[in-house]
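For reference, Swiss-Prot has these:
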type: COMPBIAS; residues: 93-105; note: compositional bias 'Basic and acidic residues'
type: COMPBIAS; residues: 121-130; note: compositional bias 'Basic and acidic residues'
type: COMPBIAS; residues: 201-212; note: compositional bias 'Basic and acidic residues'
type: COMPBIAS; residues: 219-230; note: compositional bias 'Basic and acidic residues'
type: COMPBIAS; residues: 369-405; note: compositional bias 'Low complexity'
type: COMPBIAS; residues: 416-427; note: compositional bias 'Basic and acidic residues'
type: COMPBIAS; residues: 458-467; note: compositional bias 'Polar residues'
type: COMPBIAS; residues: 501-513; note: compositional bias 'Polar residues'
type: COMPBIAS; residues: 735-747; note: compositional bias 'Basic and acidic residues'
type: DOMAIN; residues: 136-205; note: domain 'S1 motif 1'
type: DOMAIN; residues: 248-318; note: domain 'S1 motif 2'
type: REGION; residues: 93-130; note: region 'Disordered'
type: REGION; residues: 201-243; note: region 'Disordered'
type: REGION; residues: 359-514; note: region 'Disordered'
type: REGION; residues: 731-750; note: region 'Disordered'
Amino acid sequence: MATITPSSISNAWLIPGASFTVKKSDCSIKCSFSRKAGKQILSSTQRLVLPLSTSLRLFPTHGRQFVLHPHRRATGTDVVAAVEEQDSTPVVAEDKETVASEKSDAPAPTSQSRGTARPGRKSEMPAVKNEELVPGATFTGKVRAIQPFGAFVDFGAFTDGLVHVSQLSDNFVKDVSSVVTIGQEVKVRLVEADIESKRISLTMRENDDPPKRQSGGSDKPRSGGKRDGSKGGGQRKGEGFNSKFAKGQMLDGVVKNLTRSGAFITIGEGEEGFLPTAEEADDGIGSMMMGGSSLQAGQEVKVRVLRIARGRVTLTMKEEDDGKFDETTTQGVVHTATNPFMLAFRKNEEIAAFLDKREEEAEKPPVETPVEPEAEASVTSAEVEESVCVPAEVTSEEVPSSETPKVVEEEVIATKAEDDSPEKEEQTETLAAAAEAEEVVPPIPETKSEEEIVENSIPPNSATDEVSSPEALASEEVEKEQVVAETPVDEVKTPAPVVTEASSEESGNTATAESIKGISPALVKQLREETGAGMMDCKNALSESEGDMVKAQEYLRKKGLASADKKASRATSEGRIGAYIHDSRIGVLLEVNCETDFVSRGDIFKELVDDLAMQVAACPQVEYLVTEDVSEEIVKKEKEIEMQKEDLLSKPEQIREKIVDGRIKKRLDSLALLEQPYIKDDKVIVKDLVKQRIATIGENIKVKRFVRYTLGEGLEKKSQDFAAEVAAQTAAKPKAKEEPKAEEAKEAVASPPTTVVSAALVKQLREETGAGMMDCKKALAATGGDLEKAQEFLRKKGLSSADKKSSRLASEGRIGSYIHDSRIGVLIEVNCETDFVGRSEKFKELVDDLAMQAVANPQVQYVSIEDIPEEIKQKEKEIEMQREDLLSKPENIREKIVEGRISKRLGEWALLEQPYIKDDSVLVKDLVKQTVATLGENIKVRRFVKFTLGEDN
């Protein structure tokens, strides 16, 4: 609140922080206060006469803020402290615009002095001579400065030209910065150039006629630049700012953009209004507490026209009745609140209406009834709640009372007669404190406001309503204001079970309900964030553990694990297939099932699948899901080995059995995925992690199967002895000298005349085939420069070289995967000779295409026909031989027909025999050979595995 200090000069009041506007030398001087100053208005009896000269001497710092307006007022000079609202930003901007426009029309000497203030002005645009400054001429310039009344453009003339805000566009322009920015290149047209006063007027409008504008401007000479204030002002107010809206009109609008002081609302075709922050529905609480407005761009809002000033429409989201609360505040009626959140509740429309309704019910005269022990206990508990609302200054006053001990003794006897439990003794102490609070309340001074007295007469269930009202009426504010339900609420809640009942069961249920209500929402939210359980589960857990977070977490974990065990019997037909590839050398394909497709697409389930796939990749010893999947033969074999160890021979038979079982269990647990410690938290086992997710999601989850590939496992790399290879290659051979001569002679005879091959043909063939330069040159020379024949020559040579390279050992390569819609997944391993080729882009593309090929062919089960077991081939052959259409055929012909049918049938099961999905004219095996010819290394598709969601293993 702004402080008012007396001054010895003319007995005037000095008001810091106030801005003054002088309407005229003999008019009233108004002092503006912001909302932060308390919104207090001085009454008419407090107006003081202050001469203009004295006021000017008292406030020298505000000398430049005085604006003279020609409207005559009363002859007296009054200082009025008026309540100015925060939505005055547009009006202030208009005043600044008026001042600036008046300054722009100042006399010529002022403009000249302004022009001479910067003689060394440097222009970035080409120089424009004064002879070229003809009205209607078009120039290109850059925006140098932006003012509320227009923009200054540098186009190379002797000074910057002014584009008035009304000349920026053919449409209405509210904000200059929304049309142009500093440094922007714009196209302008000259309206007027006054070389003597060094002023240039420009326009950016396209529909105006320059001669008419010039003739209109030349009707009145610019002698000194003065305006007829009375005529001009009347015309602007009367004609230029006609609005089609009326004060108090309700409109539907859309938020256009947001500023610090408010928001601009589109309320019609081309019409906009300004909504100050203080006129929003929440009184600007969102901007103060959250750091920004509660509105968003594009949001549809319902607004009311608050006022129309100079064509500018100021809007509000409040109803007309909201002003009554401000009037009562300025008249000295102040609500008593125990903390700032109560004030925030009072500013909210819905909560304030609820509190007012409750206060109206409290003001009704109570019905006089005989006080019974139960009623007396409830009344005293209500008095305890009233004492929470009493200010600290009032409760700190100690008023002696001789009747208090007697009342306390009677209440103690009444409560002990009903229940002698320790809880009742604590309640008795609370009642004693309530009785003291009751005696303290009467001496409150009469100067207290009506609102404060009403709050002290809140009914007994007010504390409970205060706890539940943020959840019921303003659920969106509970997270911001959870501190409201902390220590004061807990203190009020403890005497709640004072009302005793005859039945012990009813009292137990009431105590449970009250204990659940007494849990702080902040604790519930914290427990939800830490455990991921439901709100009611967290509430029940906190009530069971009496607010202890650790015990509540243990309670939820036990309950979650128990519910997970119950849900383990449910069927799981949906789920997700995931994959994890580590450095293209370790690959995992995993299937996890759940009950519904909705859960399988959730983020929690996706994260679980990814974590389990990573877990499999991180545990190389894992081979099974659970220990039950291990075959009995392996268990028996392990048991026999353990029983024969020397350290157990000296043990008794019974102890030996237990030791062996423990060792075998430990060994089997190391092979099972669900028994491994979780890699992100080694205190949790994987199966417990799955149970936690079951408790969180509420559906059964099962890890169905997984496959793990390690690059090159099972392959024996050939040990290379370079010394032996070099010695073998350089060893003398008897026929080596004679054979080359014969070959050279044959080549000399058979070689055709050499043709000249151009470098352009070699380059074109290299781009089309990807072969080496010498290979392309030889191919063109052999085919006489024919590109098509050269391509065939290279393809045949490449395939033949690929066949030669197929005998090389391929132990490097890449592991890839492809997941289609999380329902079909493929894990594939493709080998090559060196790691360099395995990391090349061409090889990566081949692996990805082969994985996609395997997904696109559901009947494919093997890599090649040679990988199909002989049992399956024999079975297919027997089936084909027994067909009726072959019984009449001769034996020789029947064999050939069966072989053809079997090869076709087996080709459908082999991946390499399928037509390539991106080019069905090429088989997959031919694609691999082409890649071998391009990369120059042997490539082998070693293995792949395919999972389809829901299929049997």
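Quick reminder: no glycine exception, Cβ is built from N, Cα and C everywhere.
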Residues of the compositional bias 'Basic and acidic residues' (121-130) by DSSP state, where helix covers H, G and I: 1 helix, 0 strand, 9 coil
The domain 'S1 motif 2' (248-318), counted residue by residue under DSSP: helix, strand, coil: 8 helix, 37 strand, 26 coil
DSSP-assigned states of the domain 'S1 motif 1' (136-205) in counts, ordered helix, strand, coil: 6 helix, 34 strand, 30 coil
Segment confidence, the domain 'S1 motif 2' (248-318), expressed as mean pLDDT: 81
